[in-house]
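As structure tokens, the structure follows; a few thoughts come after it.
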Ligand code: HAM
């Protein structure tokens, strides 16, 4: 036997038993975003490497250590997207969607980072990203946070807390950076290897360090919030007032800095204690400089992305996820000429009952073996085309999950019965999963 090929470490298949939960979550995300007027944009997974280096920042973990970068056959350096904001801005500039316009956009799909895989941290993971362009006030920051708060309510999640901070203007941040470097240089001997490296490349990230040995030094560092420019301070205060008015609870965390360089002013994260170390399920902020940095006209912007795997894990801890979508009915055909009648019947039923999940038996075999398959499929009913049903011009209907006799129905009566039992709704997402037929 040849050697079996396995999936790449940190990149997972989403199996049929899981995909129902993904679809369930995606449908709720889509509806919630539509309720606020956001439109979907679909973006390529591969971009030019320079796009990420210029936006996320040359001295970030993502660009320095985590990107899947390769040369294609033309010798161009390409990268599997590690996040979606850069590509969304690139597309917005390229198609003239941003200048003097307001856009509310979202995208969903796989992202790639060569991180050390562990629970909640993968090399291929999925984000839903949301970006708003052309709006500079704190109102849009508040709206973005309200979208997420509504989504958590819809999903029944009450174990998420919101942390917010302001990074100020790039100028204010640059002078704060110098203050921070001066302060940390005074404690250089106590810093760990990583912090020492970051001291001259990305000192703000030291504030984010998880090393308990640095806790005290970090606690004593000057706070960015005390060094905000006036406009950023007002922006941040207005955002807090809006969140209070909307009844969204939050804490201000002056050490929240984010790992991507494009942010300014508002940054925020939704965090849970229920997923261990990878507790941030959604994060984002304002990035007013990025559009111009990528060749567009200066355009204010803000957004966030949520990690779909982390959200699903969180939902799983709550036991709130739907599983498989078994067929409603399984069609058994065991008689001479039954297959032709069966194929035609199955198509007619699917025409008559949108939303019906009908699985047709394939592969032949005797009546008993087919019924066993019907049972294993998880269907609520078997439809049966045997000799006697064919002779009577009808179809057998046999309940598989509850007591009751098999009966033979004519086709019209069968359609009416199934429609009543299944309460088939035009929207497949809202269809009843386990109808009980009286
Ligand atoms: P980020 O914080 O890098 O931000 O990622 C957003 C979310 O994606 C994280 O909070 C987490 O839930 C999820 N995530 C990140 N890395 C992984 C991983 N290796 N495995 C599983 N989940 C992960 C961004 O990507 C920004 N583009 C967000 C944004 C949009 N800011 C403005 N607009």
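Glycine is treated like the rest: Cβ placed from N, Cα and C.
Same-site candidate for L-histidine binding, as annotated by TrEMBL with 83, 84, 85, 127, 131, 258, 262, 263, chosen from 113, 116, 244: 113. The Cβ of residue 85 (L-histidine binding site) has 26 neighbouring Cβ atoms from other residues within 10 Å, across all protein chains displayed. Residues 83, 84, 85, 113, 127, 131, 258, 262, 263, recorded as binding L-histidine, reach a greatest CA to CA spacing of 21 Å. With a cut-off of 8 Å between CB atoms and residues at least 6 apart in sequence, the same chain places 167, 285, 286, 287 near residue 263 (L-histidine binding site), listed in sequence order.
The binding-site residues near ligand 1, defined by a Cβ under 6 Å from one of its atoms, are 85, 127, chosen from 85, 127, 263.
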